[in-house]
Amino acid sequence: MGLFDIFRRRAKEEPNSQAENETPVSENDAATEAPVASEATETSETTSEATPAVSESEATEPVSKSETDAISESTSDESEPSETATNETVTTSAAEDSTSDTSESEAPLEESEAEPTPVDETETPVEKTDEQLYDQGLEKTRTTFGERLNALLANFRHVDESFFDDLEETLIGADVGFDMAVKLSDELRDEVKLQNAKKPQDVQNVVVEKLVEIYDAAGNDERTTLNMAESGPTVILFVGVNGVGKTTTIGKMANRYHEAGKKVLLAAADTFRAGATEQLDVWAKRADVDIVTGKPQSDPAAVVFDAVQKAKKEDYDILFVDTAGRLQNKVNLMNELSKMKRIITREIPAAPHEVLLVLDATTGQNALTQAKLFKESTDVTGIVLTKLDGTARGGIVLAIRNELHVPVKFIGLGEQISDLRPFDPNEFVYGLFKGLIDVNALKK
């Protein structure tokens, strides 16, 4: 069953499920809600006066304790980690509380110690389902795309070349990518005639249907799940430019796999950005996982070497490696990345098992350009798309799949630690196009 068939079935089933959930109030129920006697009313008034209003307390995350200072003694000056590993600092989440003051340069994720008693670690809000997160996270994109289509079809008279030119501009403006816009326009020329679409709603149905079909065909051989090692530690390398959310993504993924029962280790190989190591250390404590760090300005490859050695010796399931933000055209930084990959492969021949490129969805077509150039410079195996809930440019997922054929493996649909979810093509398509077609008017 294709993506569009699944989408159409869900779109038809949703109104029925909503109708079933609506339970009318019977007359007997309504009657019981009416006041019975004046005494009861008097009693309720007394009770309401005696009982103060209780305000709902906002759910807050636990107040983090002061950071445990990592103490490392360095004796090695060699640059090659294969000879001697640079001094590492391994801090575990179970480390004792330190009494030292927290530095003002700590990452913004850490909260001040305002309360003597920390709030319970468990989050108060009920965790949302994938369907709810996709629906809410794609609301801006869905609304904007619908408005663009409605604006196009508002002046619709008949299907001609002018219509297809306007359609291409609309699709490009929705960040589905130039190549996909042209491909869709070409295929619609025949499809509109085949389905005899003359009304605006019929044309809109065909547009959405072809978008889904092209998206489905472009990624039918993609594996959206992570490639995990059959034995030994799985090593996953994160790359991307500064500011896209690499460190936050690693922290959220570490939490996800730790809660799934995996033994997780983090490697802070971004040794040059101010506060990068401290920020990842905060996430390590929050996710209750271990971390390997190095001295500021130390060789990132040496940190990676130490982390791989620790992962092997202590039987970790997953090693997440945070790297410095780098532009794909900076030769020295790309060479540094290649060096880290060589060290990982030398220690674990099948690793790294994934090289995940983290992209900021709010940058739209710039994210697509970054992905193209990174793919040319290194072996990118998957995409993590962050901040999708804060933008109307969710169509970038369509462009990435159609033009790069690199699978999107995780997407960020909110700010909560659990809002980073594995990418689900079915949920994405439904969340993006729900409400944009008339399922009863479909020809198939």
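Cβ coordinates are placed from backbone N, Cα and C, and glycine is handled just like the others.
Features as listed in TrEMBL:
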type: BINDING; residues: 240-247, 322-326, 386-389; note: GTP binding site
type: COMPBIAS; residues: 1-15; note: compositional bias 'Basic and acidic residues'
type: COMPBIAS; residues: 16-26; note: compositional bias 'Polar residues'
type: COMPBIAS; residues: 31-61; note: compositional bias 'Low complexity'
type: COMPBIAS; residues: 82-102; note: compositional bias 'Low complexity'
type: COMPBIAS; residues: 103-124; note: compositional bias 'Acidic residues'
type: DOMAIN; residues: 407-420; note: domain 'SRP54-type proteins GTP-binding'
type: REGION; residues: 1-133; note: region 'Disordered'
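Feature map: TrEMBL annotations on the structure.
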residue: GLY240; record: GTP binding site; DSSP (3 states): coil
residue: LYS246; record: GTP binding site; DSSP (3 states): helix
residue: THR323; record: GTP binding site; DSSP (3 states): coil
residue: LEU388; record: GTP binding site; DSSP (3 states): helix
All-chain count of other Cβ atoms within 10 Å of LYS246 (GTP binding site): 25
For the binding-site residues GLY240, GLY243, the one whose C-beta sees the most other C-beta atoms within 10 angstroms: GLY240
Composition by DSSP (helix, strand, coil) of residues within the domain 'SRP54-type proteins GTP-binding' (407-420): 0 helix, 6 strand, 8 coil
Fewest-neighbour residue among binding-site residues, criterion Cβ within 10 Å, set THR323, ARG326, LEU388: ARG326
